[in-house]
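Taking it in order: structure first as structure tokens, then the write-up.
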Amino acid sequence: MSVPTPRPARLVVLVSGGGSNLAALLEATRDPGYGAQVIAVGADREGTGGVDLAKAAGLATFVERLGDHASREEWDAALTAQVAAHEPDLVVSAGFLKLCGPRFLERFGGRYINTHNALLPAFPGIHGPRDALAYGVRLAGATLFFVDAGVDTGAIVAQVAVPVLDDDDVATLTERIKVAERAQLVEQVGRLAREGWRIEGRRVMVGPAR
Ligand code: GRF
């Protein structure tokens, strides 16, 4: 459970790629009424557009590469420490292509969200749009959820549907999903930050308890 704070919520954003979701969040946080600020951006690899964006915005950045550690446990501990140093209210995985370990989840479980480019529980994993297209679904989309120990299995905050068009290929569908996904991420992170949330079983309730 989390309650809204009088100050803007502190976000740490984790990326592995271009960072278009991060860019959308940075844009939204320019409005003081949004209720959240990106404090730091971390990556699991060098050379991500996301970290470049963060540096250009004058934000703190860090990179923790799995290959630089003797074990996954060690990497998990190092990533946890990096994120914890920024005292986030909410950690946002925005295209972060690593599964965080037990230490990370122990520390940030219940305040670590991920955006996935499929309508979960269908098509988990890294090929959501490709798998949805191959299956022949008429509605694809994106899911925002609190990360748990499974692969794309956590409690769902929000979902947005994106119709599959007859002439879609993986690239066009992926791109249309990303547009809807970014808007959803921005809207929902703002809501979580301003209103607080609680997780009851698999259900996420945004806003004060009634
Ligand atoms: C998102 O579509 C996310 O669902 C997927 O990777 C994409 C991240 O894109 N896992 P970006 O780095 O935010 O542009």
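In case you wondered, yes, glycine gets a Cβ from its N, Cα and C as well.
Summarising the annotation, TrEMBL assigns active site, proton donor to His116. TrEMBL lists Gly19, Ser20, Asn21 with the feature N(1)-(5-phospho-beta-D-ribosyl)glycinamide binding site. The (6R)-10-formyltetrahydrofolate binding site annotation in TrEMBL covers Arg72, Asn114. The feature domain 'Formyl transferase N-terminal' is assigned by TrEMBL to 10-188. TrEMBL lists Asp152 with the feature site 'Raises pKa of active site His'.
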Cβ-based neighbourhood (8 Å from the centroid) of the N(1)-(5-phospho-beta-D-ribosyl)glycinamide site, residues Gly19, Ser20, Asn21 excluded: Val15, Gly17, Gly18, Leu22, Ala23, Ala24, Gly49, Gly50, Leu53, Ala94, Gly95, Arg182
Recorded positions clustered about His116 (active site, proton donor) [Cα within 10 Å; pool: Gly19, Ser20, Asn21, Arg72, Asp152]: Asp152
Nearest of the recorded positions (Ser20, Asn21, Asp152) to Arg72 ((6R)-10-formyltetrahydrofolate binding site), judged by Cα-Cα distance: Asp152
Inter-residue C-alpha distance, Ser20 (N(1)-(5-phospho-beta-D-ribosyl)glycinamide binding site) and Asp152 (site 'Raises pKa of active site His') (nearest angstrom): 20
Cα distance (Å, whole number) from Asp152 (site 'Raises pKa of active site His') to Gly19 (N(1)-(5-phospho-beta-D-ribosyl)glycinamide binding site): 20
Protein Cβ atoms within 10 Å of Asn21 (N(1)-(5-phospho-beta-D-ribosyl)glycinamide binding site), excluding its own: 25
